[in-house]
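Novice: First the structure, which I've put down as C-alpha cells, then a few questions once you've had a look.
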Amino acid sequence: MNEAKYITASSSISKEIAKLLIDAEAYKVYYNKPESTWPVWADGRKAPCYCDVRSILSNADARLGVADLLATFIKQEFPQVNVIAGLVTAGVPLATTIADKLKLGLVYVRGEKKKHGTGKQIEGNLRPGSKVLIIDDVLASGGSIIKGVRAFDTESDVTIEGAATLVSFSKPEFANKWQDVTDKHGKQITLATGCTFTDLLDESLAQNLLNEQQYKEMHAIYSN
C-alpha cells in the first residue's frame, strides 16, 4: 500500500498565493469592524478573518495568478496526471484554468448524481486507466474530496493520483487522519495544498493587517 502524504507547496509558492489572495481581498481581516459584522464560518463560529476564494473569479490577475502557481506545484508533484477533476462548484473554475495551463483533460464532479439525463455524477469522458487529480478551492475537513474519490470509485475505472486545494484551513491533526483515506483499490491518496492559514496570517502580519496579538489569537482559532 502506498504511503499517504499531506504536502504543502514550497514557501515561495505558498507566500505568493497568500499575497495574491490578500491583495485581491479574497482573504479579509475584520478586527477593525464591530463583532456583529464578522463573518460566520461553516461551523457556526464568528471570527474576524474570512477567506472567500470565489471572489477572485472576477479578478483576472488574481484568478490566473493563483492557478498558475498551483499548476506549477501540481506539475512538480503529480507529473503522471493526465486528467484534472474539479469539484462542484468552487473547484471547477480553478480546475479548468489549471487543466488549460497544463494542457490536460478536464472533468467535473457533481455533489450528487443527476436525477435526469445520463444520471451521472462525473461529467466528461473518462478513459479507463486515466490518472486523475481532484481539485477543490479550500480544504477544511476533507469531506468534499473524499466524496469526490467515492464518486470515481463508483463510476469509473481510473487511478486517483491525488487531490490538490488552493488553501488549507485544516487542523494540525488532519494529516494523521488523512492516512485512512483510500480509493476502492486500497491506494492511499496524496493531498497537496498551495498555502495554509499560517501563510495567510504571516502575510496579513507583514502587511500590518494584523498585530502580533491578533495573529496569535487567529492562529489559536484556526488550530482549535
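A Cβ is built for glycine as well, from the same backbone N, Cα and C atoms used for every other residue.
Note: TrEMBL annotation is automatic and uncurated.
It should be emphasised that the depicted structure is a prediction, and the values quoted were computed from it without experimental measurement.
According to TrEMBL, the protein has these features:
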BINDING   Arg110, Lys114, His116, Asp136, Asp137, Val138, Leu139, Ala140, Ser141, Gly142, Gly143, Ser144  5-phospho-alpha-D-ribose 1-diphosphate binding site
DOMAIN    56-156  domain 'Phosphoribosyltransferase'
Novice: Tell me which of the binding-site residues Arg110, His116 sits in the most Cβ-dense spot, judged by other Cβ atoms within 10 Å.
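Specialist: For the binding-site residues Arg110, His116, the Cβ with the most other Cβ atoms within 10 Å is Arg110.
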Novice: How many other Cβ atoms are found within 10 Å of the Cβ atom of Ser141 (5-phospho-alpha-D-ribose 1-diphosphate binding site), counting all protein chains shown?
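Specialist: Counting Cβ neighbours of Ser141 (5-phospho-alpha-D-ribose 1-diphosphate binding site) within 10 Å gives 14.
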Novice: Select the most exposed residue of Asp137, Leu139, Gly143, where exposure means the fewest other Cβ atoms within 10 Å, treating these as the binding-site residues.
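Specialist: Across Asp137, Leu139, Gly143, these binding-site residues, the one with fewest Cβ atoms within 10 Å is Gly143.
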Novice: Within the domain 'Phosphoribosyltransferase' (56-156), how many residues are helix, strand or coil going by DSSP?
Specialist: 46 helix, 21 strand, 34 coil
Novice: Limited to the domain 'Phosphoribosyltransferase' (56-156), I'd like the whole-number average of pLDDT.
Specialist: 96
